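Structure first, then comments.
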Amino acid sequence: MAANVPPPGAPRPNNNNFVPPPNYNPSVQRPPDYLADNLQNLNLNRPPSMPNSAPRPSPYGQPPPFSTSAPSSGVPGASPPFSRPGPPPGALVRPSMAPPSGPSQPVIPPPGAPVRPYGPPVGQPSPFVSRPPPGSLPSSMGGYVTPGSGPPSSGPFQSAGLGSGPVAPPSLQPGARPISLSSPLTTGQTIPSSSGPGGLMSNGPPAFAPGAIPGASRFPSTGNVQQPALGPPQTAMSALAPPRAPTMRSHLGGTVVSAPPGPPTQPASPFSAPPQGVPPPGSPYGSAPWPMQPGQMAPPPPIPGSAQPPRMFGMPPPPPNQSMTTISPAIGQTGAPMAGSTKIDPNQIPRPMPGSSVVLHDTRQGNQANPPPPATTDYIVRDTGNCSPRYMRCTINQIPCTGDLLTTSGMPLALLVQPFALPHPSEEPIHVVDFGESGPVRCSRCKGYINPFMKFIDQGRRFICNLCGFTDDTPRDYHCNLGPDGRRRDADERPELCRGTVEFVATREFMVRDPMPAVYFFLIDVSMNAIQTGATAAACSAINQVIADLPEGPQTIVGIATFDLTIHFYNLKRALQQPLMLIVPDVQDVYTPLQTDVLVPLSECRQHLELLLESIPTMFQNSKTAESAFGAAIKAAFLAMKSTGGKLLVFQSVLPSIGIGALSAREAEGRANISSGDKEAHKLLQPVDKTLKTMAIEFAEYQVCVDIFITTQSYVDIASISVVPRTTGGQVYYYYPFSALSDPAKLYNDLRWNVTRPQGFEAVMRVRCSQGIQVQEYCGNFCKRVPTDVDLPGIDCDKTIMVTLKHDDKLQDGSECAFQCAVLYTTVFGQRRIRVTTLSLPCTSMLTNLFRSADLDTQFTCFLKQAAIEIPSSPLFRVREQVTNLCINSLLSYRKFCATVSSSGQLILPEALKLLPLYTLALIKSTGLRTDGKIDERSFWINYVSSLSTPLAVPLVYPRMMAIHDLDSKEDDESLIPPVIPLSSEHVNERGIYLLENGEDCLIYIGNSVDSDVLRKLFGIASVDEVPSQFVLQQYDNPLSKKLNDVVNEIRRQRCSYLRLKLCKKGDPSGMLFFSYMVEDQNPGGPSYVEFLVHIHRQIQVKMSS
């Protein structure tokens, strides 16, 4: 794919006739109808061994709305963008991976061509509209609070010495929106506001709802794009009307939690002692973006600025960007309810607000950076200078001018970089630019790459680097005169001068050797346990089916080995009658026999490989060898791959017990340590020694990326094993307890996505910053041998790297600060490329601007990753306190410096961070921070988080729950996914059936009083007593079963993960697992949501008065 850029010195085409370069995907070359072919789904609920399931029509059969042009000769043609971050399970047909031989024709949709259907039918309103800017829409519930029906829950936040009394009217500055959440007596009239929609990076409210998390599917269609509709303003009476049926829209613009004035006292931390009697741990996974909800109609937004939420009597008009909740004086000195008082209505505290409308996001507008939409919402990006927020996001969308200002804010300054993130199918493809032998234009001092923010001067003969400020001479063959606006006349015709993300063809100077081929080595555990549990057979079946999806061509090389007490290589040469086993018995000093015959081009050994994979389970079926030489096996496989590099895919079932890197069972010791409150218990989450780490660094040096599929029913010490994939840019997959009935389908789909997703090999990444800011640390799955770069033997579309930043000088207010990430990598077809993403953000010296431009999803993702880093080295209670303090410190700063409220009884949350307390509470109760979790489960959680992307961070700790017992009663067809339910046991009825999914696991809770007819329709059982422990979803011949299958398939499609299904019931460990996800409830793992808000408020009061 060559650049659609004229050669140096050639006439520049007219801008109006400019055709974008072809769609580019670095790793996969597909036919134009690839997406349509891919989504002729097999029944997603069946294991992959059932190939004759009926197909489903593809929603992606339409050509992309952007035109494509023919690639230059010698460069493979473009492919359509991936539609999802993973293939629908069992859906993809075998693609043609060979690069096309001739130029492709431009694909331009004919006038009136149908757009991929997604969302409500044409002419029917979406169940949710785009959220207008804060201040333009009144709260749906206003200040009306339904009186509580009982005393507040007593918990760890009992206040002392707090008397009740009148609350003084607060005086608020711009940047905050008060919402009263007190007793019904505090409701007031609706006050019109003059605040309008926020401008671009102005002092007004953000243009996007900062708290809208788990939105609908991650990549919706363009056909549902809506602009906020204008409607009649709500009247003051609307605030006092009975509340509507819940629509899961946030009932608040934010939160000010108020308590009665009184002498604040230091409350005891609720996390100081390990809880007793904690239920079993939950899944290590989180949830995913919220879907559209059928049958729910949001009121039309009023004219911006027409109304504000009700306020307390005597309060001045609330500012547009602040939220208040008034804490009822129901909690007395001992936590007992006072006579006549009411508690906070849990229905009116801030919660995620799903929306179904697609946001069209221009990255820059009017020469200013546009704040990105929340990571978990649906948006289509138009790259107008800054990179897409999918590739790089900053925790604050305005950069503080000094380090002191950043410290005062209490917020982190970091970038989350996901350089291969999947674009929306309707987004413009990444442009590929070929500068020929001279290579891309770069700054001669800092080596930054040419980008839209480098300023050309002296009639284009020189340019100033936007990163280091150095002035360079423009190469003669790159010269172009400047226009009246000071920009180059060809700026809009050159992608590198008008796009935030481009891909450069690398020249020889970027290569220390020829680009590596695509090498895949499969290593399978054949120990007795793996054979008996069916793990070996599942692995062989999955590999056999995935062979068809490997890139085709002479450069695709494969190898296979098995291991137990010894290591068994296989000679796959075509000349042999059958594969020849070569045994390596020495597991202390391993070697690779006949290296040239162990790795063979796929085209030469496909039949032998398929025959071998079918034979392996029976070859070892009578094995009595329980030991596993895991360390020796990966070392031997590495020796075979050392000369080329590549992907090593390991299927491991038991604890490595012999040879290099042998481990011992530490789990029993760990249980004893935790139950006795041992302060050193966290050390069980650290590797037992440095043996595997030393090996992993050597693997990374020779560009070997290791992925480990752990199919086990026992402890395997993931804390030690996972060092290898984390250091080599790989990934850990965890199937516990492995079920031969339900897990082979997920294993196949995970393996398939692993080898087919967009990815690169032998990569190096560096982030450069403008003067005044420097990189402090990189966090993720990589190897770091020099201070400035990270080495990535493998990099793919699911991997994210956190880059923390710090000030080394003062920035100038009003200027812009730029960040540039460059990734040098090799495609699976052996092409060397440089992907460059650039982001330029304004600098500010005002604290209020920092809070207005805070990115909640990105900040929380940083908190999550920092917690995962701390867990193995600190006691849990300390990590919980650190997480809580991160939340408190930023809210304290806002309360202290940005919101002057006269009443100390109000907790004021910045609009952009109003959901931070909820997410913090969910993190505290998550798998990684619970003391009752298994060591391996917590180790896996830590590893999962280390490379987790921003859109999946909040869903990880705050899953989504929905009722499925009444699916057939829904008449609306605009969304397959039913309405989401708050994560509280109050919303779980014993007569219902509820599905809770977190992106990897799917729990289905069956109440004790469910109608037997519903059970028979959905699961083929007559009563709750017949609920099986292992479960594979079947489709029965009734509408309810069909709708449940459609829902599960849709969730799997959204998540691009074949969710593991588990049935749960009350009074069973499975039921305790389900209720452990009710993060808004009080439980041994932590306080309720309301109590946590009170705790946050008390802590801020203490700090304010000290």
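Just so you know, glycine gets a Cβ as well, placed from its N, Cα and C.
Note that TrEMBL annotation is computational and uncurated.
Per TrEMBL, these features apply:
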- 1-11: compositional bias 'Pro residues' (COMPBIAS)
- 48-66: compositional bias 'Pro residues' (COMPBIAS)
- 67-77: compositional bias 'Low complexity' (COMPBIAS)
- 78-90: compositional bias 'Pro residues' (COMPBIAS)
- 97-136: compositional bias 'Pro residues' (COMPBIAS)
- 137-148: compositional bias 'Low complexity' (COMPBIAS)
- 180-195: compositional bias 'Polar residues' (COMPBIAS)
- 204-216: compositional bias 'Low complexity' (COMPBIAS)
- 260-283: compositional bias 'Pro residues' (COMPBIAS)
- 284-296: compositional bias 'Low complexity' (COMPBIAS)
- 305-314: compositional bias 'Low complexity' (COMPBIAS)
- 440-478: domain 'Zinc finger Sec23/Sec24-type' (DOMAIN)
- 515-755: domain 'Sec23/Sec24 trunk' (DOMAIN)
- 760-844: domain 'Sec23/Sec24 beta-sandwich' (DOMAIN)
- 855-953: domain 'Sec23/Sec24 helical' (DOMAIN)
- 978-1045: domain 'Gelsolin-like' (DOMAIN)
Using a Cβ cut-off under 8 Å, which residues of the same chain at least 6 positions beyond either end of the domain 'Zinc finger Sec23/Sec24-type' (440-478) come close to it?
8-9, 385, 433, 486-488, 491, 496-500, 504, 768-771, 816, 818, 820, 822, 834, 836, 838, 840
For the domain 'Sec23/Sec24 helical' (855-953), the mean pLDDT of the predicted model:
92
What DSSP reports for the domain 'Sec23/Sec24 beta-sandwich' (760-844) is 0 helix, 56 strand, 29 coil
If you run through the domain 'Zinc finger Sec23/Sec24-type' (440-478) with DSSP, how many residues end up as helix, strand and coil?
3 helix, 11 strand, 25 coil
Taking DSSP states H, G and I as helix and E and B as strand, how many residues of the domain 'Sec23/Sec24 helical' (855-953) are helix, strand and coil?
71 helix, 5 strand, 23 coil
